């Protein structure tokens with residue numbers, strides 16, 4: 001009962017505070033609008049539908065006729081033949097020469113040995129290169145699936161090119177051109193996600209500050225002199241801030257969807273889990289900060305620095321793909337943001353699950369650390 | 001009721017409480033005196049479970065605070081030295097919040113909160129925010145938050161610091177009433193007259209030890225045989241190292257000498273009547289006496305003679 005009493009006391013205090021609504025709902029919504037609308041015209045968020053040209057692809061069999069035949073048959077499928085026409089070329093040198101003269105747009109060299117990888121020769125057209133990467137990937141995965149199926153059926157003794165070709169021809173190619181067409185996120189969607197994650201991280205600052213205020217006003221000591229146990233006090237307050245953050249996320253998602261038309265492509269369970277993990281990690285950082293620093297100002301500086309640095313590295317303010325890949329992957333908001341972007345782009349569930357797994361790992365590590373520090377906050 | 005046995009608390013190399021033994025009887029008001037850093041607050045924090053104990057035991061009605069902290073804390077009410085209330089919720093909500101942490105609910109809670117607010121004289125201001133209160137009213141609210149659950153033992157750590165005489169009298173009156181209603185009280189203060197007015201027994205702490213313990217009369221008895229002589233000199237004595245003070249200290253009849261401004265305070269041996277010997281020493285060092293006062297020392301002087309320090313540094 002004491003736990004729920006402290007929890008409700010903390011929650012009701014923040015819900016009654018007018019500044020809560022301004023700082024944690026109004027300000028982020030304004031930021032989403034300002035960033036989303038002002039950066040909508042920038043190069044990275046341009047929403048132009050690219051009209052894909054039909055590419056001429058030079059194919060060199062180099063003696064592995066079965067594989068070359070399989071690819072030719074794959075390319076004849078309606079979904080693929082709309083984008084490419086195959087031109088058989090006898091040697092790799094001839095293919096290179098034709099690519100140089102731009103007589104073909106792209107080159108594929110199928111090696112003699114089955115185990116060796118297919119050689120891809122890119123042309124000068126960036127769009128065709130991207131498109132061909134997608135098509136060849138699809139062919140490779142269809143081949144792999146076919147090989148696995150044969151193995152499962154115990155009929156792998158002789159995988160003749162004919163059998164493979166027939167099978168691949170039967171399979172349905174799922175070629176997606178999402179990355180280069182209207183399937184990328186809009187500026188409003190992008191900043192709605194990054195600002196949401198950033199403000200979820202502020203839960204830690206709010207919680208850490210609340211602990212320091214309790215300490216400074218001696219009410220934390222007074223609570224400790226009652227039968228309430230130290231960790232009961234800390235975790236009840238932590239839960240209150242956790243719930244506050246989930247409410248905040250809910251408000252931001254609903255209002256941004258209704259007012260700005262942000263399409264979140266929500267899977268409710270995933271959103272709750274993702275927001276929950278980000279908030280939990282943030283609260284743990286806030287608790288560690290409160291244990292470490294006695295001054296509220298120092299805690300503010302510490303948390304602000306961490307939040308701004310992590311969000312910037314994750315590309316939350318400006319999209320810098322190279323930097324995000326190099327540094328962002330080691331930050332908390334990067335994975336939180338990726339989960340939302342993956343949902344918005346209808347990516348495979350595995351990508352979302354991977355992101356959730358990384359966030360869970362963060363939560364376990366930070367949770368363990370905060371378990372140690374929680375006692376320090378109340379007993380110093 | 002409360003037994004403290006061989007209690008020790010160290011902060012790195014400093015021993016804050018040094019093998020302290022103390023017994024508090026049920027129904028008494030125990031005045032705890034001591035200069036800053038004597039170990040009073042450390043002792044109180046250990047009794048209330050706010051600080052872990054290095055060694056020794058604290059038992060309330062036979063139950064150990066180390067072994068059953070939740071059960072023991074249920075019977076203790078702490079009035080901290082600092083005002084520990086929420087400024088942004090009403091006085092009544094403050095009292096309710098802390099009372100609920102002691103498990104009070106429903107009708108019992110309402111009655112207890114009413115009674116606590118009534119006791120400290122804040123019933124009429126119960127729905128007001130503490131941020132609108134005077135210092136004295138905040139101190140009274142501080143007490144109300146500690147007594148609503150009707151604890152057996154109330155610990156008041158300097159509850160009258162920095163307040164007006166009206167609020168001080170109100171608090172002292174509340175302490176008396178609480179005691180009459182059966183509460184045992186530990187009361188720490190820097191004001192000797194407060195302790196003298198309400199305490200049934202007094203303990204004096206210094207350097208983590210209890211150096212004197214007894215009723216006020218018993219403690220007075222320890223210095224009843226001494227006399228205090230206050231001398232004001234025309235020239236003024238600027239330092240404790242004045243040759244006149246050194247010579248007075250060497251004299252067999254002077255037990256102790258303190259310098260207070262340009263006044264010398266001398267503790268004399270019992271029944272000493274040769275005042276001219278002291279005047280001779282002063283004259284020898286060129287000091288002319290302006291005024292001279294002879295009196296029986298009070299508890300303040302007992303404190304000074306025991307600790308060598310003023311109660312209020």
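Cβ from N, Cα, C; glycine included.
Positions annotated as domain 'ABC-2 type transporter transmembrane' by TrEMBL: A:19-372. Summarising the annotation, TrEMBL assigns transmembrane segment to A:21-40, A:190-213, A:233-260, A:266-290, A:302-320, A:354-373.
Sequence-remote contacts of a segment are chain residues at least 6 beyond its ends whose Cβ falls under 8 Å from one of its Cβ atoms, and for the transmembrane segment (A:354-373) they are 270, 273-274, 277-278, 280-281, 283-285, 287-288, 291-292, 332, 335-336, 338-339, 342.
When each of A:21-40, A:190-213, A:233-260, A:266-290 is scored by its Cβ pairs under 8 Å to the transmembrane segment (A:302-320), the top-ranked stretch turns out to be A:190-213.
Using a Cβ-Cβ cut-off under 8 Å and counting only residues 6 or more beyond its ends in the same chain, the transmembrane segment (A:266-290) has close neighbours at 196-197, 200-209, 211-212, 234, 238, 241-242, 245-246, 249, 253, 299, 302-303, 306, 332-333, 336, 339-340, 343, 352, 355-356, 359-360, 362-363, 366-367, 369-370, 373-374, 377.
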